[in-house]
């Protein structure tokens, strides 16, 4: 609780910056956060802004009243985090404090998107990228959930394992990046205790990045688990550098490239990852912290 209190004071005291440093720092201004949120809501309609519910919201004056935070509700979570096995046959690149970038080489069964959003605008170089924890998880039975069963059948078979989460994203003034909050419920709608919610956080992150705290943007005592954003900007910088490096290498080996093409190619490198795509990529690496939560924005190839 002390950590949560100190974090709230830091959020309150940190001055707001409206100068964009996205390309160099991986951080966002409030205006860029809104732009990225609009893109997320447009591409994935299960995500929504808080809208006109002004009565129950603590407003920050540097954000529009109807765009204080993003929310998606009743996201299923059928297995606990320890049931997920770290993928084998991969290469990883450490980005500090336990975060690792993973490039997929094995034929694993990825969670598929349940919506029809087109992710073709995302840089091609990121399609094979995963971000995973570097802890040792227990192996789970691959036959536990047969594809022949529908979701309703699963609820009947294993009612005690099914949970739901409301996910919130707001803007962190102290780190100038998005910050994720999770509120969990049992399958009968009973709120989960903090210890129960921690069961759905990957073991390697529970003591590093997860904090129990009330939702700061809603009135009342809504207990949540927040994902500490201290490394988010650094991870985004690594992702952007990956895009630039990949496209730069492609330019060097392309025999069709001429001097006249340089300006267009340089523009492609500079614009490899747009600021409005920030939250889509942000949610990709959040899945390494909450592997059991079945985000419906998880796309094939990630």
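Here the Cβ of each residue, glycine as well, is placed from N, Cα and C on the backbone.
Per Swiss-Prot, the listed range annotated as region 'Disordered' is 102-125 (candidates: 30-53, 54-77, 102-125). Among the ranges 190-233, 234-277, the one that Swiss-Prot lists as region 'Handle region' is 234-277. Its own atom aside, the Cβ of residue 230 (active site, glycyl thioester intermediate) has 15 Cβ atoms within 10 angstroms in the protein chains shown.
In the three-state DSSP reading, residue 230 (active site, glycyl thioester intermediate) counts as coil. As a whole-number mean, the pLDDT of the region 'Flexible region' (84-159) in this prediction is 48.
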